[in-house]
Each structure stands twice: as structure tokens, then as C-alpha cells.
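Trainee: Below are the C-alpha cells for one structure; questions will follow.
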């Protein structure tokens, strides 16, 4: 009896170890190339609108994949999908490294990496629920969450060091480390019974087309792309109303509180992601810092602060309530952007503090947005609704990166608007920061109103 129990515990612990490895590298893959975007732009002689697709391509397939893998898990089995994700992620890494001298191949490789990496966040939580005993799940989720935060933290530092001292292309090989988990997962994960079901492939294709063409519009500003995107989304909406098992539940669209909360959350996440993608360009143009200095000295402290702010935010929600935390988070974000706009050419360490403010504000607002959205859902809508929120969060990050890249390239905001004496190289960035602050304030006011109304109706 004791031997059987100890063997079962050992098996669960081994599963948890390899899940932690996958979780860490999935986030690292997302963050590690961000600091190298200016280097990539210079090497290929590309504008930020094109160079940012190195991250946008990954986030696009990553966001769609996270939604798709969850729906496929019962039909194809978690074990098969995890192994598929690991191998595809590794394949994308090798293609990217071998063909890194050709920009189209690099973008293709990032699309492939996103397809593979999406399996990890989508399925890891399901594996914990199925394989880890109920009494240990809290610790398991906590450990995975800590490693995810660590991956977000060390990603920019690793990216900066490797890009500066070796070459950014070697960062593409980092995800291949997950291949070491394959033999252990094959041995540890049980074979599952498959459940027959229907996958709304038409809905997935229509929605993906709408997203891709909208992102292409934000980077090229060709209105033909916008028209195609609108048509694709229109057909998609008509489709999900008639489909037997639609990719997105159309009933969620009738929930005004849910829709507004999700859209505002997406705007905030996209704004912060766009800001983080802009920081390397800004620090190179204004302060002429190296990639290593930007990664470890500017972005790294902010990403690591997420661990502390996440804990503080959780305590404050319990003690002071969601509205209090929302206001503090929005204040940190908007004030951080405004201070950066007015002191953009001051000492670089000021930007380090601002990045800490921004990531702290993001931690606080993420908690509140999840609370607002979940409180607007009925019990039967909770699963589909929260999955759609996660999908929107990932997608908005990629969209934010694409939009910021487009704005940095067209020079629309490259004019002096603030009454301060600064160098011409700062005009574009300071105006972008003012725009970011405005978006945050508007979202704060809207979410505040939605939260109060949902509480009144709840």
C-alpha cells in the first residue's frame, strides 16, 4: 500500500517537473526576442512595422492555438497534442535558425513556433487537473505560475546578452530545450480515450483571416486589407450564429458587460505589449544603449517585479476590493507613460523605474479585469467566457506589437506636441507615450462603469 502510494506520488511529481519546464520555455519564447527587434530591423534594413512581425507572427498563431488546443484535447488526447506541440515548436526553431538570413523564412519559423508553443499553456493546466491529486493542485499551479513569471523576467536579460555578445539568431534555438521532455512525457502520461466531436474549422479559418488582414492593415495601412478583414469578421459572425458547435459562443456577444470588459482588457494588454516592444527602439534611438544594457538594465527589473506586484495585488483585492486595485493599477500605468513622455531624454535609469511601474500596473489590472469579466458570466458561460478572455489577451498583445510597429514606421506622430525642450529624436516616442496614457485612462473609466453596473445588476 505504501509502496503503491509512494510510486504514485513520484509519478505525479515527475509529471509536474516536466510541466514546469514546458511552462517556463513557452513564456521565454514569447519574451526573448523582444529586445532584439531593433537589431533585426537593422540587419534586414526593415522598418519597425515589418520587424515587429517577428513577435506578432508568434503571438498570432500562439493565441489562436491556445483556443484550439483546448477544444481538441478531448478528441485527440492531451498526450498526443503536447508531444505534437513540442515537436512543432522545435521544428520552427530549427527552421528559423537555419534560415535566419532570409526574413520571410524567419517570419514563417515564428508562425510555426507559435503553433507549437500554444500547446503548453492550453494543456498544462488540464494535465495538472487530471494527473495531480486535488490536495496538491494549489502548490502545482503556484509553482507553474512562479516559473512563468520567472520566464517573463529572465527572457529580456537572456535575449539582450545573447544578441549583444553572440547573435540574436541563437535565441531561436532556445525552445529546442523542450525536446528533452518528450521521452519522459511518453512514459509518464497515460493513453487517453478519444471522444468524438466536431471542430468548427470554417469558423477558425474565417476568424484567423480577419485577424491576419487586420494586423496587415495596422502595419501597412492599406485599406484593401481592412476591407477584407471586415468582410471576414462579418461572415464569421453570421457563421457562428448558424453553426452547430461554433468556435466562439455567439451568446457571449449578447453579454454587454462581458464584451466591454474583454475589449478594455485587450486594449490595456495590447498597449503594454506595444510599449514593451517600443522600449528597445526608444532606448537605442534616444540613449544609444546596447542590446544587453536594454535587456538586463531596462526591461529585466520590470519583468521580475511582476512576481512581487502579483502577490501584492492579490492581497489588496482581498482587503480593499477590485475597484481600489484597478485604480492603483491604472494610475501606475498612465503615470508611468506620462513621466516617460516628459522625461524621455533624462537618465536611462528613469526608464527602468517607469518599466517597473508599467509591469506593476499591468499585474494589478490583469487581476481586476479577470474579476470583472468572470462576475459578468453565468455559471454555464464561465468556461467559454474565460477561455475567450485568455484568447483575447494573447491576441491583443500581438496586435499591440503590430500597431506600435506601424505607428513607429509612418511618422504620423513624429512632430513636437509637448511644450518641452527635447531632441527631435524623442518626438515620436513621447507622443506615443501620451497616446498610451490616454488609452489606459479611457479603459479605466469604462471598466469602472461596467464593474459598478454589473455589481448593481448582480
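Glycine is treated like the rest: Cβ placed from N, Cα and C.
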Trainee: Can you say which of 61-80, 81-100, 381-400 is given as transmembrane segment in Swiss-Prot?
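Mentor: The listed stretch tagged transmembrane segment in Swiss-Prot is 81-100.
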Trainee: According to Swiss-Prot, transmembrane segment applies to one of these ranges: 35-53, 111-129. Which one is it?
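Mentor: So the range that Swiss-Prot calls transmembrane segment is 111-129.
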Trainee: I'm validating the feature mapping. Which of 201-221, 411-431 is tagged transmembrane segment in Swiss-Prot?
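Mentor: In Swiss-Prot, residues 201-221 carry the label transmembrane segment.
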Trainee: Taking the transmembrane segment (81-100) as the first stretch and the transmembrane segment (165-185) as the second, find out whether 3 or more Cβ pairs fall under 8 Å, excluding pairs closer than 6 in sequence.
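Mentor: These two segments touch.
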Trainee: Give residue numbers and ranges for long-range contacts of the transmembrane segment (12-33): same chain, 6 or more residues beyond its ends, CB-CB under 8 A.
Mentor: 40, 54-55, 58-59, 62, 82, 86, 89, 113, 117, 120-121, 124, 127-128, 131-133, 136, 140, 143-144, 147-148, 150-152, 154-156, 158-159, 168, 171-172, 174-175, 177-178, 180-181, 184-185, 188-189, 303
Trainee: Take the C-beta pairs under 8 A between the transmembrane segment (432-451) and each of 201-221, 256-276, 324-344, 346-365. Which stretch has the highest count?
Mentor: 324-344
Trainee: May I ask for the residues of the chain that lie six or more residues beyond the transmembrane segment (297-317) and have a Cβ under 8 Å from a Cβ within it?
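Mentor: 31, 34-35, 146, 149-150, 152-157, 160, 276, 279-280, 283, 289, 324-325, 328-329, 348, 351-352, 355-356, 358-360, 362-364, 367-368, 371.
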